[in-house]
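The annotation disulfide bond is assigned in TrEMBL to CYS63-CYS391, CYS257-CYS271. What TrEMBL records for 1-25 is signal peptide.
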Amino acid sequence: AAAAMAPRREAALVLLLLVLPPASAGLSGYFGTKSRYEEVNPHLVSDPLSLGPGAGGSLPASCTPLQLRAVLRHGTRYPTAGQVRRLGELHSRLLRRAAGAAACPAAAALAEWPMWYEESLDGRLAPQGRRDMEQLARRMAARFPALFAARRRLALASSSKHRCLQSGAAFRRGLGPTLDFGGDEVEVEVNDSLMRFFDHCAKFVALVEENDAAMCQVNAFKEGPEMKKVLEKVASALCLPVEELNADLVQVAFLTCSYELAIKNVTSPWCSLFSEEDAKVLEYLNDLKQYWKRGYGYDINSRSSCILFQDIFQHLDKAVEESKSSKPISSPLIVQVGHAETLQPLLALMGYFKDDEPLLASNYARHARRKFRSGRIVPYAANLVFVLYHCDHVNASQEEYQVQLLLNEKLLSFHHSNETTSTYTDLKHYYKDILENCHFKEECELAKVNVTAVDEL
């Protein structure tokens, strides 16, 4: 019986791919936080070690890098247990209906799709995620050879999550034996207070993370006309009554397309349920969640990251002091591995990717060209890098120390100058208020009075 089923299985998949276009190429730009790193750096598809166009940087030859501070998101991961459960639920429904699905090629093919994800995978780093990190390390070392030279000290820290610890170990492996640690293994320090600051912020946890009302725009969009259209289309393709589907199940089908591409580099049959227009709607749903939970939706989202922001500048300050005293830099390389939820609030605190108008359930069409697109900001293996330089032959003493900022290996312009290089003095002056007045303990303290979450936010 199994042998007899195999040709039918193949025929169903072939028919599906003939009837519906192989879509992952057109969809891959809309996977939000589940996007491959290659979406922001397409040159890596053909050469994973390429530094890409404009890799030379724009600093004069008389500047020497003193310190590099990198905050990384972990590499490509497997779905979480919750996502696997929802996918299993949807797949089971299709299996139950498969008997009468002869006239429904999409449902038949997806019923035959091998459900290989298991809950035990629960967000763990995929083999591709290890490659993401190893290759990123090699590119970073090629871009800043003086800092990654032999016998330079690397301080490596991570969140306590398995995928981050493994990403940190993979980053170290990517550097090979050139750094002198007395062997290939270097201890990865667990530092959740910096890499998972959001877990330690009582105000954020109570008023955003665990407060359904805080996600009212996300929930409204799930019930809105754009999502309704996608829902009806997917239900029709799967020959299911529309009331058997909801936005979460449709999103899981869409994310399965993204996982198959990121983890296995294949176009999944799940992709064929969606057009590019559908993908834009589902990307907006993901971005709404990121905006209201990790971005500009509520001040506490970004203010909770001031502990990390200030730590970055404390290390930069120390490197400047050591340089002025002609001492060796004690921490030339600091690499920390966290999450999209680590980077997104930090970038919001710094004022990056802020649209003039907030993202709402009601203004999807007006945000077609929005700056806040999470897949472009924090895909897998996203990285924010501060590089401090000492410059000789300068006109004024304040020009002696300069900084560059790279996001996903591309220079970011500073807000205060619109240039990609800033004096360290100017940068500190621009962020003076955050550096002096954003105190994690006070920001995150939950008011004792009994106010509603909406009033508080």
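From the backbone N, Cα and C atoms, a Cβ is placed for every residue, glycine too.
Least packed by the Cβ count within 10 Å, out of the disulfide-bonded residues CYS63, CYS271, CYS391, is CYS391. Its Cβ placed at the centre, CYS257 (disulfide bond) has 25 other Cβ atoms within 10 Å.
Taking only the Cα positions, the spacing between CYS257 (disulfide bond) and CYS391 (disulfide bond) is 48 angstrom. The two recorded residues, CYS63 (disulfide bond) and CYS271 (disulfide bond), have Cα atoms 48 Å apart. Cα of CYS391 (disulfide bond) to Cα of CYS271 (disulfide bond): a span of 51 Å.
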